[in-house]
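Some notes on the structure that comes next.
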Amino acid sequence: MAFKELVFSGVQPTGNLHLGNYLGAIVNFVKLQSRYECIYCVVDMHAITVWQEPAELRKSIREVAAAFIAAGIDPKAHIVFNQSQVPEHAELAWVFNCVARLGWMNRMTQFKEKAGKDRENASLGLYAYPSLMAADILVYRATHVPIGEDQKQHLELTRDIAQKFNNDFKAQIETAGFADGLFFPMAEPVITGPATRVMSLRDGTKKMSKSDPSDYSRINLADDADTIAQKIKKAKTDPEPLPSEEKGLEGRPEADNLVGIYAALAGSTPAQVLSEYGGGQFSTFKGALIDLAVDKLGPVGAEMKRLTSDVTYIDGILADGSARARALASETMRHVKQIVGFVGP
Ligand code: TYM
């Protein structure tokens with residue numbers, strides 16, 4: 001069966017949206033709008049898998065929604081909402097908890113990283129996190145999922161869950177009227193552009209992350225022009241001039257990262273960036289990167305701040321998006337309940 005093409009993705013409201021989130025994910029969310037119907041979600045239930053101060057969480061949810069809109073997502077033509085307003089996500093996640101195997105969960109590298117050494121003290125929610133992520137995507141039977149490189153393993157798990165559900169319930173799926181026994185699609189990751197894995201500005205071997213204690217490791221979407229300039233000036237580099245060809249970036253993680261960031265912001269490629277700046281000193285290149293970053297990110301950050309303070313507007317968008325999302329999700333859950341063997345209308 002051909003599934004209707006539909007894009008779904010989510011971002012956690014855990015503070016400090018950064019350049020990695022923007023270039024790795026949000027920029028692609030914006031691009032996909034012209035080709036597909038899109039659903040973009042502020043995944044607040046994922047956020048509470050680690051402790052969130054309630055007042056901060058509320059602020060961050062609105063901030064991520066504001067960032068989506070400031071970046072160019074149209075909440076009228078598409079859907080922007082927060083996960084907790086659509087209870088079908090949690091409902092399907094429970095079903096998936098009973099489909100996914102412990103062995104699959106045990107392989108998830110993100111859980112290992114986030115739980116760290118004190119694994120016994122991690123929440124059960126953090127462990128089951130990928131099952132909720134699969135539910136986010138599959139409750140809309142979405143076919144395309146724009147994400148950064150770090151979410152690839154979770155997408156593979158989503159496909160495993162979809163496949164096992166389809167296999168386990170093949171007969172019931174056919175009885176429910178899905179002739180070829182396929183209820184859930186094999187959602188495809190969309191990982192594109194020169195910045196699918198933006199690295200820390202302080203250490204080119206570490207991912208740029210919200211949880212890095214050093215604010216100099218990342219550029220936040222809310223940073224003003226001076227802060228952006230300071231952070232790029234202080235960004236770690238190596239003593240060699242920039243290479244003229246892309247293969248010269250091998251073994252030079254910081255140079256590779258800055259060139260990738262430039263290419264992503266300029267909408268070009270690393271090869272094009274090097275054809276212009278290759279052979280030159282980092283200081284010249286950094287100056288150009290500062291101008292470009294301020295030019296591209298400044299207006300997004302300013303609009304995000306403006307929208308975040310308009311609580312009525314943002315809450316209205318989220319309520320409207322949630323109602324539209326729920327209409328779709330409840331339809332899927334109606335079938336799932338029938339397929340699994342629950343009794344109800
Ligand atoms: P989150 O909130 O950590 O990140 C949001 C998006 O930003 C991408 N990203 C990066 N891309 C490039 N370089 C980086 N340094 C970088 N850091 C983050 C992430 O890959 C992601 O696309 N589990 C997800 C949220 C989620 C989700 C979903 C995504 C929940 N349900 C369903 C897609 C579909 C997460 O924690 O993303």
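Each residue's number is its place along the chain shown, starting with 1.
Backbone N, Cα and C define each Cβ position, glycine as well.
Within its own chain, M208 (ATP binding site) has H18, L19, G20, V198, M199, S200, L201, S217, R218 as residues 6 or more apart in sequence whose C-beta sits under 8 angstroms from its own. As annotated by TrEMBL, ATP binding site applies to Q12, P13, T14, G20, N21, G148, E149, D150, V198, K207, M208, S209, K210, S211.
The Cβ of D136 (L-tryptophan binding site) lies under 8 Å from the Cβ of F8, G10, C41, V43, Q83, H89, each on the same chain and at least six residues away in sequence. DSSP assigns D136 (L-tryptophan binding site) to a helix. What TrEMBL lists as L-tryptophan binding site is D136.
Beyond the ends of the motif ''HIGH' region' (13-21), by six or more residues, the same chain brings 42-44, 47, 50, 52, 56-57, 60-61, 63-64, 67, 82, 148, 195, 197-198, 207-211, 218-222, 261, 297 to within a C-beta distance below 8 angstroms of the stretch. Annotated motif ''HIGH' region' per TrEMBL: 13-21, in sequence order.
Sequence-remote contacts of a segment are chain residues at least 6 beyond its ends whose Cβ falls under 8 Å from one of its Cβ atoms, and for the motif ''KMSKS' region' (207-211) they are 14-21, 150, 197-201, 217-218. Taken from TrEMBL, the feature motif ''KMSKS' region' covers 207-211.
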Among the binding-site residues T14, E149, K210, the one whose Cβ has the most other Cβ atoms within 10 Å is T14
Taking every residue in the motif ''HIGH' region' (13-21), the average pLDDT works out to 94
Taking every pair from Q12, P13, T14, G20, N21, G148, E149, D150, V198, K207, M208, S209, K210, S211, which the record gives as binding ATP, the longest CA to CA distance in angstrom is 19
